[in-house]
């Protein structure tokens, strides 16, 4: 049986979501997206140049069959984020939206108050809202109560590559909310993606870790393997951590005793 997961009315098999920014060129982006095996690709609505057509358009280089996830990157108020989400729907990108309301330009940490405000409005308008948020369990619960279809806590600041700085809070979030938890931002390498999945994340979203790698296509393959391996480890169930050793072979019945 396929290990599927869903958000709202949308079901997926791949647990890796990818972005479209920071690639050296569109052909490299296209090859990396295909190599990732991802089914969902996020696009910054405010950064789309709608005047470009054909091969000059970013959208033309996204592999066929990938689900577009418009995001509200570069929005610093709830009002901006709401307008941008509406624009994405007008451009026929669907009802899914990765909601971002940025509170600080240097760290790109979310404005929690604005995020919750925007989420409530968009949920009422029929959007399936996936909010990029901090790693605070209280905020995650408020976003769930606001009607969000998932929560997307950061592992570390966007583009930092620092990995999961607070895995304990992420685990608490997973225990606190009933909606899917996707780790978003901060992943630097495949082991970070694997750890997120081992903690119990439903999926992982990343962009910079692949796009700015020395070999984006190879890194996309590595991230795919990391996510798949981490998911299998979570399902298999790791052994408990112990302070002292536990011999793999029994001590009774040894030869010469």
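Yeah, the Cβs are placed from backbone N, Cα and C, and that goes for glycine too.
Residue density at residue 98 (active site, schiff-base intermediate with DXP): 27 other Cβ atoms are found within 10 A of its Cβ, drawing on all protein chains shown. If you look up Swiss-Prot, you'll see 98 marked as active site, schiff-base intermediate with DXP, on the strength of sequence analysis.
Residues or ranges marked as 1-deoxy-D-xylulose 5-phosphate binding site in Swiss-Prot: 159, 185, 186, 207, 208. Sequence-distant neighbours of residue 159 (1-deoxy-D-xylulose 5-phosphate binding site) (same chain, 6+ residues apart, CB-CB distance under 8 A): 22, 108, 185, 207, 208.
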Measure from the Cβ of residue 208 (1-deoxy-D-xylulose 5-phosphate binding site) and count the other Cβ atoms within 10 Å, all protein chains considered.
18
Just the number: how many Å between the Cα atoms of residue 186 (1-deoxy-D-xylulose 5-phosphate binding site) and residue 98 (active site, schiff-base intermediate with DXP)?
16
Can you tell me how many other Cβ atoms are located within 10 Å of the Cβ belonging to residue 207 (1-deoxy-D-xylulose 5-phosphate binding site)?
23
Neighbours of the 1-deoxy-D-xylulose 5-phosphate site 159, 185, 186, 207, 208: Cβ within 8 Å of the Cβ centroid, same chain, sequence order.
156, 157, 158, 160, 161, 187, 206, 209
